[in-house]
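Peer 1: This is the structure I have questions about; it appears just below.
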Amino acid sequence: MPKTKLTSPPFKILKCTECDACINVPSILQSNEQAECPRCHHLLASGTRWSLHRCAMIALSILILMPFSLNYPLLSLHLLGIKIDASIWDGIWKMAVGGYEYTAFMIFICAVVMPITFALLVIMLWLAKIFQIKPRSVLLFLGYIKAWVMFDVYLVALGVTIFKVREYATLEINIYLIPFIFTALLTTLLFIKLNLSALWQEFYPECTSVYTKQAVELCPACHYTFTQKSIHYDHQQKICCPRCQSPLNTSDKLKLQATWATLIAGIIMLFPANLLPISGIYLTGALSEDTLISGVISFVKSGSYFVAFVVFFASIFVPISKIFIMLYLLACVHFKWQHSIKWQMRLLHLVHFVGRWSMLDLFVLALMMSLVTRGEIINFTVGPGAFYFGAAVFCTMLSTSQFDSKLIWKIYDREK
């Protein structure tokens, strides 16, 4: 008697991570297909993905190129007949030993630790597949660190530094800039092609899909859609996800408290960041200090209008705009303002996208520290405002990540 072939239903249920809607999605997507939420247009699933083996080879290439990108000079400055080299690591080290260890630590996390960790995690996934290990923590951590990998921001900071240093001496671009550019491009490519949802399903095939809209739950950590019957309990009898074991009972009040706490901390830090000098240059013994806004003005006076715009946008406009947007969205939640829901979601997506670019100014400071340090003739120093600026960027990024977009949609659904 021939065996009957079991086939899965043509459609499964996915719960949107942005608006909480339950959507029918094809069980199998072709390589050129993707599924979007019809209500908020958030990407639910994509058939586009590279094999884990290919992603691991790219991650391995990143790790091979990383020593050349971090340790070797990207730029060289010719000053008074002396050649001064600038590398990422050299700038961070000089900043740390110069008394600005907290600012250096923030740059070290975003420019060194997170890119290396990202590549290592992808390779760990590949090894986990070979040795048939369930890499729950690796998959969770990959989802958390993507916003903190800032090699592309450092690449733009390099361009800003070139325009800033050319006022003082002749600048030379070294051949090691090529592996740095390739590292930034490969990291960005890996971001695009790494499909975390597909990897979760690949490593945890026993976590089956849902085919009914009755009593459906969503894990905020691994984005797994499951029925209430599948809910697990940890050793403390708290509700957790059956796939990643993350807690599910976090109340809306706690989410708002975390968002408010980090946002208020960011607002407090932004005042000294804008009022105190962020950098200073000693020229023949005379100190010339710059705040964020005076640095932009100096670029305008020198005729570097595009660079002035980039620095103004990343260092002044973006941090302040992020705070006003987050205050507006939080006010919408607390006072139940039902404005244009799509406009509110666009603002939230904009904050998520541009927030990391505020680190541009700190990366420029690190490069300047490694280039312009020549004793009594010319010397560059980091100002006290640099730490507060970095802390403000970190706090506002944490605030954005803590904010749950479903809180806005709940107002919209309640009014309907």
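A Cβ is built for glycine as well, from the same backbone N, Cα and C atoms used for every other residue.
When I checked Swiss-Prot for this same protein, it listed these features:
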- 62-82: transmembrane segment (TRANSMEM)
- 107-127: transmembrane segment (TRANSMEM)
- 138-158: transmembrane segment (TRANSMEM)
- 172-192: transmembrane segment (TRANSMEM)
- 263-283: transmembrane segment (TRANSMEM)
- 306-326: transmembrane segment (TRANSMEM)
- 347-367: transmembrane segment (TRANSMEM)
- 377-397: transmembrane segment (TRANSMEM)
Peer 1: In the same chain, who gets a Cβ under 8 Å from the transmembrane segment (263-283) while lying at least 6 residues past its ends?
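Peer 2: Contacts of the transmembrane segment (263-283) (Cβ under 8 Å, skipping residues fewer than 6 from its ends): 168, 289-293, 295, 316, 319-320, 323, 326-327, 330, 361, 365, 368, 372, 376, 378-386, 388-389, 391-396, 399.
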Peer 1: Between the stretches 62-82, 107-127, 138-158, 377-397, which wins on the count of C-beta pairs under 8 angstroms to the transmembrane segment (172-192)?
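Peer 2: Ranking 62-82, 107-127, 138-158, 377-397 by Cβ pairs under 8 Å to the transmembrane segment (172-192) puts 62-82 first.
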Peer 1: Is the transmembrane segment (138-158) packed against any residues at least 6 beyond its ends, judged by a Cβ distance under 8 Å, and which are they?
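Peer 2: Distant Cβ neighbours of the transmembrane segment (138-158) are 69, 74-75, 88, 109-111, 114-115, 117-118, 121-122, 124-125, 128, 177, 180-181, 183-184, 187-188, 191, 194, 196, 199-200, 203, 221-222, 244, 246, 310, 314, 352, 355-357, 359-360, 363-364, 367, 397, 401.
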Peer 1: Report, as numbers and ranges, which residues of the same chain sit near the transmembrane segment (377-397): CB under 8 Å and 6 or more residues beyond its ends.
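Peer 2: Same-chain residues near the transmembrane segment (377-397) but 6 or more away: 79-80, 95, 98, 100, 102-103, 106-107, 147-148, 168, 262-263, 265-267, 269-284, 289-292, 315, 319, 322-323, 326, 355-356, 358-359, 361-362, 365, 368-369, 371.
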